[in-house]
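Among the features that Swiss-Prot reports, topological domain 'Cytoplasmic' is placed at 1-81. The feature motif 'Endocytosis signal' is assigned by Swiss-Prot to 23-26. The annotation region 'Disordered' is assigned in Swiss-Prot to 25-44. Here Swiss-Prot flags 33-44 as compositional bias 'Acidic residues'. Per Swiss-Prot, transmembrane segment is recorded for 82-102. Look at Swiss-Prot and you will find 103-798 tagged as topological domain 'Extracellular'. Annotation source Swiss-Prot lists N-linked glycosylation site at 235, 334, 535.
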């Protein structure tokens, strides 16, 4: 037995000691005492210990005298937890540093890195990534300046009246051009609309009328083809009154001077307001008819620039609305049944354009008080008296015809959100040559199609779909655009992201204006800093504006006018839109809507800079399309509407005392505005703290952002009765403008009631005010609730 114990002790002496601390699970504080415990339990390492610097199993056992290197393995295992912990700390620190840097760069540049090499059905990103500067370079490299000028010249030479046979030929030519591009879809959309044209057999006439009512000398209307579409037909007789621009304040000034307006024929200057607004206001004040002329004072007096001939009249429709006025609120498809109604925007009085020469003859016959100095124009022989003057008889024989019009569409599908559309369009038709009116826009549109098609061939693919549209019927009040919106409204308000209009984009080379939704103002500012000024070398468009006006948006940004196709997108469909244009420094383009709107006159007006200005517009529009179609997060400033509401509320504050005296308050409006601002700020914080690589989350945010404009369409009025439901931009009793106008009656005699649909003299009505306030408040509150997202996130303390 003693021999056995002795042998066992010898074996234990030479056998490697099993280290419990290496192989057992060590956690928490025990880890700190690991090496100390090992030293206490074990012996000193042998002198022949090999340090752990092996790179593979082939070197195991390389130490002399040891076949099983358990001692050095034990030391390696002792160091392993420290190595793991150190690696984790380094990795975590690097990850956090990279994350913060990435978030900061995204916040600073607004999604400046655009992945354009992805495929719809593949996660493979091996095709590469293009940065914003690369994408800009690609776009500018393919954009062709010379092609656009040639297209403007050739298009202006072609007759293209809406619905005409020659227009059909142009449609086919454009379709042929599009078919040669790398596009996913090309198609047309035909509507049968009611258009009004002059009757060649029975032209419109204007006669003097004697004191006994007899028809006397006929005044020449030089061009019988110049007319006002949608004017009331028949004859109107009355004494002539000069009414400046025919604005509401102009007619109120005439009433204050005891000039009789009821039963008169008003002579008004073209400009400032649309033809339709002039006629509607004249009708409100009881006039029997309207004559509209171009005064030389409204155009450039530069002798080096061409001017409008004094025997030319200006064309313009007088429907206070957009689309086919004989199917209001409904699309004009063939064989579709409609209720027998007409648009409330159709006038009940006739209107006719006349030349400056004819207006001069009329003004010289006027008596009565002399017009204010600011009302006087530049007709040399005219004293500019207010009237009344001799009697006149106006006869309008326009006739309505059912006419097919065709819109042309081309599409590049997006790879990530193909069901969201970024739309850009331009009017194609024109009453005359229409170089500035529609040839410029058509040329830019076709060049952008070609440019983006070339980019697609070079690997570019937008995240969202690009939709290019050539509109017909624009000269009759954006008929083609509005009918398309009416036909597909239930789809478009969910899918259309933004509309960009190219109409009237080059009317000069001096000032730049953007008529737009507030959602696009910040993006426009950013893009202006990327586009070179066409007439100030070394400056961007933003530099050009900011140099003279530190508050650039006050100088550049304007509300959308009703005579723009962009207006229907926003006020009717709830889609944010923009229409931008270059204009003369101090005067309007004189040839718009005349037969002198030729390529030659446009070229002379811009003194040879037409190609440069057109190129600047194309660059601006193209870069807008790139940002809107490819940024992961839509670059729409939804928070800006909070400032818009605040500005409008400022107009209401002046009446708070009057309302308080009647026991009324505007507190609900203030509360709704506060809820909207809080919802916008909350959404902004959610987006900032989110990962842009999360496609599902980004899509959820984009859906909420792109519908903000739609939230401001009143849900409490019928689209058929009030098609322009936007509470800031629309028309009707539900709008903020109508509410302010009604409040003004608290301090007036009610003379403005007619414009709000009331009989003159009724004045302020408390029941009507309460209804207006409710419609406005709940539309604002609905916008705030929708922006909040899910119902459990809504602030219900209203």
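Cβ from N, Cα, C; glycine included.
What you see is a predicted model, and the numbers here were worked out from it, not measured in a lab.
Shown on the structure are the features that Swiss-Prot records.
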residue : record                      : contacts (Cβ under 8 Å, 6+ apart)
235     : N-linked glycosylation site : 350, 393, 394, 395, 396
334     : N-linked glycosylation site : 190, 192, 404
535     : N-linked glycosylation site : 509, 510, 609, 612, 613
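Annotation note: residue 235 (N-linked glycosylation site) sits in a strand segment as assigned by DSSP.
The average per-residue pLDDT of the prediction over the motif 'Endocytosis signal' (23-26) is 38, rounded to a whole number.
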